[in-house]
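Chemist: Sharing a structure here in structure tokens format.
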Amino acid sequence: MEKKIIFLCFFVSLLTLPEFISSQVLVEDDVPFPEKKFADRGECIRACAAKFTDGDLSKIKDVLPRYYKCVCWYYPTS
């Protein structure tokens, strides 16, 4: 019984490890978008990529259009 509990704890920690690691390198920042009140998702992705990742769209994880700005989650360039 004790080995099963230890194995279960190890298994759960193994499952949560990738989420913990990815949350450590993900950066949240915003970029002003004065052209529109609420930008399209594609416009936000392009604006975030241009400002934070030197135009690399693959490093943008998610964007959220807000009032005259875009909130970006991205992997920083090294």
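Backbone N, Cα and C define each Cβ position, glycine as well.
Below are the features I grabbed from Swiss-Prot:
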type     : residues    : note
DISULFID : CYS44-CYS70 : disulfide bond
DISULFID : CYS48-CYS72 : disulfide bond
REGION   : 34-37       : region 'Important for inhibition of KCNQ4'
SIGNAL   : 1-23        : signal peptide
SITE     : LYS69       : site 'Important for inhibition of KCNQ4'
Chemist: Using DSSP and three states only, what is CYS44 (disulfide bond)?
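Modeler: In three-state terms, CYS44 (disulfide bond) counts as helix.
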Chemist: Sequence gap of 6 or more, Cβ distance under 8 Å: name the residues on the same chain that satisfy this around LYS69 (site 'Important for inhibition of KCNQ4'), in order along the sequence.
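Modeler: Once residues fewer than 6 apart are set aside, LYS69 (site 'Important for inhibition of KCNQ4') is near ASP30, VAL31, PRO32, PHE33.
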Chemist: Rounded to a whole number, how many Å is the Cα of CYS44 (disulfide bond) away from the Cα of CYS72 (disulfide bond)?
Modeler: 8
Chemist: Non-local Cβ contacts of CYS72 (disulfide bond) (under 8 Å, 6 or more apart, same chain)?
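Modeler: In sequence order, GLU28, ASP29, ASP30, VAL31, CYS44, CYS48, LYS51, PHE52, ILE60, ASP62, VAL63 meet the Cβ cut-off.
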Chemist: Sort out the sequence-distant neighbours of CYS70 (disulfide bond) for me: same chain, 6+ apart, CB within less than 8 Å of its CB, listed by position.
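Modeler: Once residues fewer than 6 apart are set aside, CYS70 (disulfide bond) is near ASP30, VAL31, PHE33, ALA39, GLU43, CYS44, ALA47, CYS48, VAL63, LEU64.
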Chemist: What's the number of neighbouring CB atoms sitting within 10 A of the CB on CYS48 (disulfide bond)?
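Modeler: So the number of other Cβ atoms within 10 Å of CYS48 (disulfide bond) is 25.
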